[in-house]
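**Q** First the structure, then my questions, so here it is.
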């Protein structure tokens with residue numbers, strides 16, 4: 001039986017999405033009905049699930065689609081920019097911040113970052129400042145996933161419906177692909193909560209890692225047009241233009257820009273969805289596997305993608321102008337070009353898995369923040385039943401999915417560039433969480449000054465960069481994150497030094513004497 | 001050992017700034033760009049360093065918190 005091109009891929013994608021829905025609905029059967037279970041899976045997550053859910057959450061469209069596209073545009077130096085640096089910095093954050101925040105969360109019953117900061121700094125209003133900042137920064141992160149999922153679905157289903165969708169050459173339009181992906185993620189988050197999210201993340205992380213490697217070998221064994229894997233690898237790499245092999249002469253990779261890129265992965269210290277994942281751990285030692293394996297997992301995912309992107313920049317594969325103009329489409333284009341319909345469908349499912357494994361945590365986290373830090377905090381803990389709290393979280397999740405989807409229809413930006421802006425904003429808030437955990441001298445006013453400085457600088461630089469339209473934007477030849485981080489750190493220290501500290505009781509609570 | 005582990009983390013951060021490879025277009029084994037291979041080795045180094053960190057610099061006091069939580073759970 002012969003199908004229109006793209007139909008087989010579409011059927012496999014639909015099958016994969018149905019499988020995810022089933023997983024989400026099944027995890028709902030284990031749902032105890034309590035808000036703690038919905039938001040934190042009752043602190044029941046073991047080391048393997050913790051590793052996979054944290055890794056799946058951190059690796060989004062940015063890792064597969066974004067890294068390939070960015071390598072196609074900027075060359076193999078992209079790996080050093082974010083992958084290897086993330087391997088060092090992410091695990092550092094898990095080790096230095098994650099474990100400590102987990103212990104405080106378990107001890108004092110926190111669910112969100114805002115609860116922790118309110119308590120630590122004795123400031124109710126600080127939550128009102130942090131809420132729009134954190135949610136506002138998560139939204140571009142969500143947009144990355146929603147936009148990329150639409151691009152991927154369009155690219156691989158091209159030819160399936162030539163009569164219905166002429167403008168996309170028969171491919172399912174991006175708006176429709178994104179809508180379906182949002183619907184699926186929303187459904188399993190809605191029903192499964194954190195447990196469903198952790199399970200789905202684990203399943204999807206395995207899927208995208210395995211299929212990512214399969215994609216690499218499929219492409220690598222054919223791209224050079226030679227016989228055998230080795231001959232193709234050599235031919236493909238020899239075709240990479242010199243400017244994609246080196247960083248010299250690339251405006252995106254001056255020494256200073258490269259060095260200051262290292263500040264970008266500090267963002268994981270302030271990701272609200274990661275905070276929530278940290279708190280799901282059953283015990284502190286469950287973090288050990290995540291700390292060790294995270295850099296290796298990043299390597300397994302990023303290195304093949306970066307190499308594929310650089311190969312695409314060579315002259316072995318003619319890249320159509322439409323794909324060349326949209327770097328996010330490079331990986332799906334190559335997958336479709338070099339694999340059969342069935343394998344192509346599975347590989348596409350892998351790419352979508354990477355995207356959805358981040359979207360789910362972010363949707364859940366935004367719903368949790370709104371419910372815990374606004375509705376329950378100001379409405380009063382005794383005003384709502386646990387069932388009502390879960391319902392409020394679910395309602396807000398639907399709202400945030402709808403808003404994100406609407407925004408994704410407005411404009412196109414390079415996934416990588418948009419991602420770096422979002423991460424930079426979170427990185428600029430890093431001094432706040434570090435000081436809150438390790439510096440008794442941090443004050444409420446210092447925290448306000450730090451957050452306001454960080455977000456003001458972010459808004460100013462974002463505006464200057466044509467709202468992420470200019471991927472080479474820098475400040476004094478540095479990544480914008482460097483002055484943002486310096487500004488927020490300086491504001492935090494200077495203001496804290498001249499303003500009153502929290503009460504002795506609070507300091508004792510967070511910095512107990514060693515011998516007690 | 002703790003100091004050694006943290007020194008390794010600092011060394012990795014410094015070694016990551018490989019300005020000596022900036023204009024190096026060599027292909028190792030005929031197909032891996034040297035820039036990429038070097039940074040992949042940094043990733044492997046990070047994995048080893050963090051393995052040493054969890055072995056020798058793990059905050060032991062947190063095990064006490066776990067015990068406290070277990071006791072509290074038992075009382076409830």
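Cβ from N, Cα, C; glycine included.
Keep in mind the model is a prediction, meaning the values are calculated, not measured.
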**Q** In TrEMBL, which of A:287-313, A:314-340 is tagged transmembrane segment?
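**A** Transmembrane segment, as annotated by TrEMBL, spans A:287-313.
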**Q** Any chance you could find the range in A:126-152, A:172-191, A:203-223, A:255-275 with the most Cβ pairs under 8 Å to the transmembrane segment (A:416-438)?
**A** A:255-275
**Q** Test of understanding: applying the rule of at least three C-beta pairs under 8 Å (pairs 6 or more apart in sequence), is the transmembrane segment (A:126-152) touching the transmembrane segment (A:6-26)?
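**A** These two segments do not touch.
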**Q** Name the range, of those listed as A:203-223, A:255-275, A:391-410, that has the largest tally of Cβ pairs under 8 Å with the transmembrane segment (A:478-499).
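**A** Comparing A:203-223, A:255-275, A:391-410: A:255-275 has the most Cβ pairs near the transmembrane segment (A:478-499).
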**Q** Go through the chain and flag residues at least 6 beyond the ends of the transmembrane segment (A:47-66) whose CB is under 8 A from any CB in it; none is fine as an answer.
**A** 86, 90, 94, 141, 144-145, 147-149, 151-152, 197-199, 201-202, 204-206, 208, 212, 268, 271, 273-274, 277-278, 280-281, 285-290, 293-294, 297-298, 301-302, 305, 328, 330-332, 350-351, 354-355, 357-359, 361-362, 414-416, 419
**Q** Can the transmembrane segment (A:391-410) be said to touch the transmembrane segment (A:342-370) if we require at least 3 CB pairs below 8 Å and skip pairs under 6 apart in sequence?
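**A** Between the transmembrane segment (A:342-370) and the transmembrane segment (A:391-410), which are separate recorded stretches, there is contact, as judged by 3 or more close Cβ pairs.
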**Q** Can you find at least 3 Cβ pairs under 8 Å between the transmembrane segment (A:255-275) and the transmembrane segment (A:342-370), where each pair is 6 or more residues apart in sequence?
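**A** Contact between the transmembrane segment (A:342-370) and the transmembrane segment (A:255-275): present, because at least 3 Cβ pairs are under 8 Å.
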**Q** Would you kindly list the residues that approach the transmembrane segment (A:287-313) from elsewhere in its chain, counting only those six or more residues past its ends and only Cβ-Cβ distances under 8 Å?
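**A** Result: 47-48, 50-51, 54-55, 58-59, 63-64, 67-73, 75-76, 78-79, 82-84, 86-88, 90-91, 94-95, 98-99, 102, 208-209, 212-213, 215-216, 219-220, 223, 236-237, 239-241, 244-245, 278, 281, 319, 330-331, 334, 354.
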**Q** Might you confirm whether the transmembrane segment (A:203-223) is in contact with the transmembrane segment (A:172-191), defined here as three or more C-beta pairs under 8 A between residues 6 or more apart in sequence?
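**A** Contact absent: fewer than 3 Cβ pairs fall under 8 Å.
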